[in-house]
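What TrEMBL annotates here:
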- B:17-436: domain 'DUF112' (DOMAIN)
- B:16-36: transmembrane segment (TRANSMEM)
- B:48-70: transmembrane segment (TRANSMEM)
- B:109-132: transmembrane segment (TRANSMEM)
- B:144-160: transmembrane segment (TRANSMEM)
- B:197-221: transmembrane segment (TRANSMEM)
- B:256-280: transmembrane segment (TRANSMEM)
- B:312-335: transmembrane segment (TRANSMEM)
- B:355-375: transmembrane segment (TRANSMEM)
- B:384-402: transmembrane segment (TRANSMEM)
- B:408-424: transmembrane segment (TRANSMEM)
- B:431-453: transmembrane segment (TRANSMEM)
- B:465-488: transmembrane segment (TRANSMEM)
Amino acid sequence: MLQSYRIVGAATAAIGAAAFYGGSLLPPVPGQNVGPNVFPMVTGGGLFLCGMLIALGVGRRYEQEIEADVAAHAAVHVGAQAAAQIGAQVGAQAGATPAPTQVRHGPLHALRVLVPPGLLIFYALAADSLGFVPTAAIIALTLCRALGAPWRSAVLVALLAPPAVHFAFADLLRVPLPPGLLPMPW
Amino acid sequence: MSNLTQAFALVAQPDVILAILLSSLYGMVVGALPGLTATMATALLVPVTFYLSPIAAIAAIISASAMAIFSGDIPGALLRIPGTPASAAYTDEAYAYTRKGQPEMALGIGLWFSAIGGIIGTVALLVIAPALAEFALSFSTFEYFWMACLGLMCATIVARSSPVKALASMFFGLLVSCIGIDNPGGTPRFTFGMTDLMGGVDVIAAMVGMFAVSEVMRFMLDQAPPPLPKRRFGSILANQWKLTLEFPKSWSRGSVVGIIVGVLPGAGADMAAWISYAIAKRFSREPKKFGTGHPEGLIEAGASNNSSLAGAWVPALLFGIPGDTITAIAIGVLYMKGLNPGPTLFTNNAPSMYALYFIFFIANLLMIPLGIMVIRMSSKVLRVPYSIVMPIVILCCAVGTFAITNSTFGVIVAAAFGCIGFILQRYGFPIAAMVLGIVMGTLVEQSFVASLIKSGGSILPFFNRPVALALASITLLCVAWPVIGWALQRSRRLSSAET
C-alpha cells in the first residue's frame, strides 16, 4: 500500500516537474512581465508539490476511511447480487452472507481493459481505408466476444449495429462517415 | 412579457419538443442500466446536439440528465445496484421496500419527489440566476480569477477522496488546458510538434473518453449485474400525495440542500443525495427506522439529487463555472451554440434563458409519465445484456468524437483520456476535479494573466476590491481547510490520550 503511494506520488511529482521545466523554456512576450510560461510553471509546481505529499502518505487516512466505508457497502451489495443471481428474494432477506463464487482469471485478464481504447485507435487508423461499416463491425464483434457474448449474438450485433449507427449519424445527422470498401446503398 | 412569449415560441418548435421527448427516453434507459451514469449519457449526447438548434441542444441535455438521475433509482430499488452514483445514498433504503414486497412504493417516492425537487430547483434557478447576474455584471478580472479559484477549490474539498489527490487531479486538468496555442503569447505549449494539438485538447472528446470509454474499460474487469426477475407492479403513484402532505419538511429541506450543493462547483447530484440522506436521518424523529424501508430518507434524498441539477446551472450560466460534471459538458455545448456563459447572457439572450427554465419545468413534469412507463418496462430494460450495450457505446464514442472534432484525432483523444480516466480512478484520483480543471483552465489563466498585466505584476490589487477580498478569503480558507481539520483532530486525539 505504502509502496503504491510512493510510486503514484513519484509519478505525479515527475509529471509536475516536467511541466514546470517545459513551461520555463517557453519564450516570454516582449514588453510584458507575464507570458505563456507562468501558468504551466504554477500548475507544474502545484502538481510537483501534490506528488511529494502523496509520496509522503499525506491524505492516506481520508482514503482509508472512504475505502472502509465502500467495503462495508460492497459487502452488502455483493451479497444482494449473489442472492439475485439465484433469483431468491429470500436469500437477500436472510442477510448479505452468501459469497459469490470467485472466478479465477489468467494473468492476461487485466489486459482486457486495453481492448476498448485499442479498438478506438483501430477505428482512427482503419476507418478511412476500410470504411465505417466494416470497421464498426470488427469493433462490435471483438468487443462482444471480449465481454463474453456467444458467437451468435456477437455476429448479430456486428451485422446490425453498424448500419443502425450509420443511419443515425450519417443519414439523420449528416456526419460524413467514410464509405471505404462498403458504402451504404442509401 | 415579450421575453416570455418569445421563450415559449422557442420551446414550442417541433425540433425542441422532439429533442425533449427522445432525449428523455434515452436518459431514462441509460440511467436505468447500472454503471451507465447520467454524465456518460450526457457526454454521448453531445455529438448529436452539434446538429441541433441551440435550444433543442440544451433541451436534450437537460431532459436526458434529469431522467437519468431519476431512473438510476430503478435498479437501486429492484436489484440493490444503483443505476447512477446519485442513487447510491439511498439504495439500501429503497431495496428494503422491495424486500417487504413494496417496490412500487420506493419507485413511486423516487419518481414523485424527484419531480418535485426538480421543479423547486428550477424555481430557484429562475430566482437566483438573474439576481446574481446583475450583481456579477460589476465583476472585473480579479473577481473572476478568485471565483474560478474558489470553484476549483470547492471541487477538491467536496471530492470523496484524499484532498491531496483531488488537488493533484485538478492540477492535471489545468495542465491539459495549457496544451495548444490559446495562451497570452500565442506560443505552442506542450504540443510536441503535433499540429493536431495546436488547437488544444478538445474538451468534449476528452470528456467522452473520461466518462464513457473509461466506464467500458471498467466493465471489462467487473462482473455484469444479475438479470432482474420478472415482476408485476401495483400503482406507482398511490400514497404519494399523502406522503407529500405528511413529510413537507423532508422534501423542502432536501430540495434546498440540493440547490446549495448544486451551486457549489464540482459537487453534483450524488453528493446532494448523500448529504440529504444523512440530514434526514440526523433530524428524523424515527432514525431507527432508516434502512428498513422508511420514506423520510428516500423523500429527502430523491428531491435533493434532482434539485441539484438545476442548481448546478447557476454558476455554469453566470460564470462558465460548472456546478457538476453534467454542466461541465453543458458549458461546452453552450459555447458551441454561441450562448457563451456570463452575466450578459441574461440581458442579451433573455428569451433563451426563459426557454431554459421552461425546458426544466417540462422535463420534470414529463418525468412522471415516462418514469411510470420505464418502471413498468424495467424487467425488459434491465435484461439487455451488457455485451451488446457496451459495443454500441464504443461505436457511439468513435462516431461522436469524430463528429465533434471532424477528425480521427478526436477519436484518439477519447481513447487516451479513457485510459487516463481509468488509471486516475483506479488510484483514487477523482476525475470530476480533473474535468473541472480542463474546463476552467482557460478562464483561470486568462483572468490571472489579464489581472497581472493590469496590476503591473503586483499581487496587491488581487485583494483590494471588497468582493475580490471576500472571495480570496473563502478560497484561501478552502485551501487551508484540510490542514485545519487535521490539526483539530490531532489536538482532540492528544487531549483525549492525556485524559
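Placed from the backbone N, Cα and C atoms, the Cβ positions cover glycine too.
TrEMBL labels come from automatic prediction, so no person has curated them.
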**Asked** So are the transmembrane segment (B:48-70) and the transmembrane segment (B:431-453) touching or not, going by 3+ C-beta pairs under 8 A with a sequence gap of 6 or more?
**Response** no
**Asked** Have the transmembrane segment (B:384-402) and the transmembrane segment (B:197-221) got at least three CB pairs under 8 Å, pairs 6 or more apart in sequence?
**Response** yes
**Recorded stretch that, among B:109-132, B:408-424, B:431-453, has the most CB pairs under 8 Å to the transmembrane segment (B:197-221)** = B:408-424
**Prompt:** So, do the transmembrane segment (B:312-335) and the transmembrane segment (B:465-488) meet, by the test of 3 or more Cβ pairs under 8 Å (sequence gap 6 or more)?
**Reply:** no
**Message:** Please identify the stretch among B:109-132, B:408-424, B:431-453, B:465-488 with the greatest number of Cβ pairs below 8 Å relative to the transmembrane segment (B:355-375).
**Reply:** B:109-132
